[in-house]
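Following: one structure in structure tokens, then a few remarks.
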Amino acid sequence: MAALTQNPQFKKLKTWYEQHGSDLNLRRLFEGDRDRFNRFSLNLNTNHGHILVDYSKNLVTETVMQMLVDVAKSRGVEAARERMFTGEKINFTEDRAVLHVALRNRSNAPILVDGKDVMPEVNRVLEKMKSFCQRVRSGEWKGYSGKAITDVINIGIGGSDLGPLMVTEALKPYSSEGPRVWFVSNIDGTHIAKTLATLNPESSLFIIASKTFTTQETITNAETAKEWFLLSAKDPSAVAKHFVALSTNTAKVKEFGIDPQNMFEFWDWVGGRYSLWSAIGLSIALHVGFDNFEQLLSGAHWMDQHFRTTPLEKNAPVLLALLGIWYINCFGCETHAMLPYDQYLHRFAAYFQQGDMESNGKYITKSGTRVNYQTGPIVWGEPGTNGQHAFYQLIHQGTKMIPCDFLIPVQSQHPIRNGLHHKILLANFLAQTEALMRGKSTEEARKELQAAGRSPEDFEKLLPHKVFEGNRPTNSIVFTKLTPFILGALIAMYEHKIFVQGIIWDINSFDQWGVELGKQLAKKIEPELDGSSPVTSHDSSTNGLINFIKQEREARS
């Protein structure tokens, strides 16, 4: 595929931007078109609640949107989408299909990889998860002393941690009958030490999530957990009642002491950051119940069908992707803020930090050449209204344009004080996107100062600081309620957005070679930290850091 910058449709878009981009003014666009909201929004009726995607507060016209859609079509988005859904090995650097969509394929329509339908295996593992969840949640599954399981500890890292953690936090209101869940990911001993300090080994169940069962951080933490457990249990055979594995390496799992019957497998066509729908989601199913886990899958499947069958012009993941292309590749924006106005979604931005940045943080195209355009954005964010009192200042009056996605449910899980808290939250959500769009003119700021009775001297001093340029782009994503179904749909929507952008940029969104180099060097450095001999085998900075650590350790020992 030719470089994006050589694509005729993109060149047309870029020329239009250079000629007209600086004239786009959101306040004027709204004043000149009373129907703008209706023409630049999608109301998705899932039959389990609505998802409204309002993109009218973006620096776009119908002409711009059509040019963006033309770019998507010319880059082969529709054909690439079908290749993914039909099991082609689109992750070509690892020779793998990309089939997280198969994990939530509620239609059970066959999906073939190398001529074999994967759905029977997917359903077999789901049935095994269902049976296990029912045994644990009912109290039938007992620990070594006969106690039921009260706490589940998921030990994993990256995709084996971020997804289940985000979802179990988001669906806390659905967890009342399930065990508590804990997540240990960091190799920093503090993480597992602080977690284990609160637990009773007799009623704890550890989930060890590692495809190869060789991930250094995960296996080190798992061995620490096993040592802690055996201090109480004494008998190594008790491990089988308290440890299960999410893996494909039967030999290593058995060697650890886990009964292979308690190993839940997944497949090489499941990428880590897309794996919460697989056995990696076992902690989710245990916490909220398998019925709710199935609802999560069903919501994602609904969005998969919307993405696969809806024309690009009305396709939510596609439109979100194209707006990102517009800001990154024309306006030069470098970051994207995800701002959920729901405390249960407090890990949503962190989850898609990995989802987006590990997928599209690439500078090499599929043909092996270096891109001459920007690719994946820096993704960040915090829940509202906390962010308003932290970093919104820069979004409103800073020198950088930061496109933002604002998300909120219409219905709160906790309508306390007759809904007062949620009404205030909704008001802030609505006010922020309007303020970012409209801004505050010099004349409006002047009238405000006059009404406040400020002196003429104050006028001169304060007026420039009270002006807001506005014209800051936002998407508003409003949904009926944060249910398992709606959460599944929202996650899938962003997954597909990332996919579309990767196709347009001609990069492989499904490998992650960038994480490997640091791991390789860490293996070399680890033995060099032993003893007191000075290290000289690296650059002067790395040598200096290693030797400082060794000297300080010696001095304190």
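Heads up, the Cβ atoms here are built off N, Cα and C, so glycines get one too.
Neighbour density for Glu358 (active site, proton donor): within 10 A of its CB lie 22 other CB atoms from the protein chains shown. Taken from Swiss-Prot, the feature active site, proton donor applies to Glu358, supported by similarity to another entry.
His389 (active site) counts 9 other C-beta atoms within 10 Å of its own C-beta, drawing on all protein chains shown. Annotated active site per Swiss-Prot: His389 (among others), in sequence order.
Within the same chain, residues at least six positions away from Lys519 (active site) with a Cβ under 8 Å of its Cβ are Gln216. Here Swiss-Prot flags Lys519 (among others) as active site, drawing on similarity to another entry.
Around the Cβ of Ser210 (D-glucose 6-phosphate binding site), the number of neighbouring Cβ atoms within 10 Å comes to 23. The DSSP secondary structure for Ser210 (D-glucose 6-phosphate binding site) is coil. The feature D-glucose 6-phosphate binding site is assigned by Swiss-Prot to Gly159, Ser160, Ser210, Lys211, Thr212, Phe213, Thr214, Thr215, Gln354, Glu358, His389, Lys519.
Annotated N-acetylalanine per Swiss-Prot: Ala2, in sequence order. Secondary structure at Ala2 (N-acetylalanine), as computed by DSSP, is coil.
Here Swiss-Prot flags Lys12 (among others) as N6-acetyllysine. Within the same chain, the residues at least 6 positions away from Lys12 (N6-acetyllysine) whose Cβ sits under 8 Å from its Cβ are Met67, Asp70, listed in sequence order.
Annotation source Swiss-Prot lists phosphoserine at Ser107 (among others). Residue density at Ser107 (phosphoserine): 10 other Cβ atoms are found within 10 A of its Cβ, drawing on all protein chains shown.
According to Swiss-Prot, the N6-acetyllysine annotation covers Lys142 (among others). If you draw a 10 Å sphere around the CB of Lys142 (N6-acetyllysine), it holds 15 other CB atoms from the protein chains shown.
As annotated by Swiss-Prot, phosphoserine applies to Ser185 (among others), with the evidence given as similarity to another entry. Around the Cβ of Ser185 (phosphoserine), a 10 Å sphere holds 20 further Cβ atoms from the protein chains shown.
Less than 8 angstroms from the CB of Thr250 (phosphothreonine) sit Pro260, Met263, each of them six or more residues away in the same chain. If you look up Swiss-Prot, you'll see Thr250 marked as phosphothreonine.
The phosphoserine annotation in Swiss-Prot covers Ser455 (among others) and is backed by similarity to another entry. Counting every protein chain shown, the number of other Cβ atoms lying within 10 Å of the Cβ of Ser455 (phosphoserine) is 9.
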According to DSSP, Ser185 (phosphoserine) sits in coil
Nearest by Cα to Thr212 (D-glucose 6-phosphate binding site), of the recorded positions Lys142, His389, Ser455, is Lys142
Candidates Ser107, Lys142, His389, Ser455 (recorded positions); nearest Cα to Ser210 (D-glucose 6-phosphate binding site) turns out to be Lys142
Record-annotated D-glucose 6-phosphate contacts Gly159, Ser160, Ser210, Lys211, Thr212, Phe213, Thr214, Thr215, Gln354, Glu358, His389, Lys519; largest Cα to Cα distance in whole Å is 43
Among Ala2, Lys142, Ser185, His389, Ser455, i.e. the recorded positions, the one with its Cα nearest that of Gln354 (D-glucose 6-phosphate binding site) is Ser185
Here the recorded positions are Ser107, Lys142, Gly159, Thr214, His389, and the Cα closest to that of Glu358 (active site, proton donor) is found at Gly159
Most Cβ neighbours within 10 Å, among the binding-site residues Thr212, Thr214, Gln354, goes to Gln354
